[in-house]
Each structure stands twice: as C-alpha cells, then as structure tokens.
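The structure appears right after this line, and notes come after that.
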Amino acid sequence: MAEEQVNLSAGLAPDCEASATAESTVSLVGTCEAAAKSPEPKDSDSTCVFCRIAGRQDPGTELLHCENEDLICFKDIKPAATHHYLVVPKKHIGNCRTLRKDQVELVENMVTVGKTILERNNFTDFTNVRMGFHMPPFCSISHLHLHVLAPVDQLGFLSKLVYRVNSYWFITADHLIEKLRT
C-alpha cells in the first residue's frame, strides 16, 4: 500500500520516551530507525515493552480503564507531573514520524482518552495540561505513545526541558495533528 507518509522532520525533527525499564533502553536509535523504515504497523512486537503491556504480559503495569478498544493507558513509571499518563495504541506503531495522514483519527482518539483519564482523576483544568510525543531519536521506546502531563505549571526544571512545547525533541498532539492534516 503506497499511502502518503507525512514528513514531520521538516522544521522539526525527532518521538519516543523514557518511561520503561532499563532493559528497554538498549538500542534506541536503531529501533526508532527500523520503525521509521516500516510504516505499516504490526499487530505486536515481542521485543517491545509497550506491546507486552498491551498484551497484558506485564503484571507490574496497572492499566487504567480506557473506553477505546484500540488504546491502552497507564501511569508513566517516571512521572514528570502529578498526573503523567501514557496513552498507547495496542497495535505496534513505531513513533509519530511513521504516522500517515489517514491516522489523524488515531491521534485524536489518544487525546480524547488522555482527557478522559484526567477527568476521572479529578483534573479538569485543561489549560494546565500538556499532551505530546517525543520525536526520534529522542525516544526510549519505539512504540507510539502520547504523554499526558498535568499540571504543567508544576513541572520541574528538567521536565520543562524534556517536554518543551514543539521543540526539536517534543511535539504537542495538536501540532502533530495539524502536520498530519497538511
């Protein structure tokens, strides 16, 4: 299938994240590059920690109730904010650079799940929320995942850098959706 793939590197650059165990950080650049070369999503990758979590093969990760059958949500193991959740597709998708125009709805659904999880946890000030993706090669897990962070006004110095809006290494969900649509 020769579907059009959006070039997110124009004007930006590198998605992924440091929210898994040490063994999952082995070959970051190689796995992100491999994912970028293969835009067709696989159902699952046995070497991917997020695929194992989605397949309920990681009993140490508590899945949060998610009303979307194609997505899972769980707390980040290294939270940068009081509320720091990851919304992850069950199907293996490498990162935000591998997304195509026809996958805008997936990203929108990820945002909806993020907002719903925040509301369920009594956080409703959406002006104080940041949702976005790390860009390759600045990712530790080469499986698409949305960071949901709140309250952002309480992020520490390093977290403000790591999750800096529309930087070389982090793109907000809204900006990604806009890029995918153009």
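The backbone N, Cα and C atoms fix where each Cβ goes, and this holds for glycine too.
Feature annotation from Swiss-Prot assigns domain 'HIT' to 49-160.
Swiss-Prot lists D76, I77, H145, L146, H147 with the feature AMP binding site, giving similarity to another entry as the kind of evidence. According to DSSP, H145 (AMP binding site) is assigned to coil rather than to any helix or strand.
For 143-147, the entry in Swiss-Prot reads motif 'Histidine triad motif'. Long-range neighbours of the motif 'Histidine triad motif' (143-147) within the same chain, counting only residues 6 or more positions beyond its ends whose Cβ lies under 8 Å from a Cβ of the stretch, are 15-17, 19, 45, 48-51, 76, 84-89, 92-96, 98-99, 107, 110-111, 114, 130-134, 163, 173.
Among the features that Swiss-Prot reports, active site, tele-AMP-histidine intermediate is placed at H145, with the record citing similarity to another entry. A simple way to gauge crowding: the CB of H145 (AMP binding site) has 30 other CB atoms within 10 angstroms, across all the protein chains here.
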Enter the number of other CB atoms within 10 angstroms of the CB of H147 (AMP binding site). 25
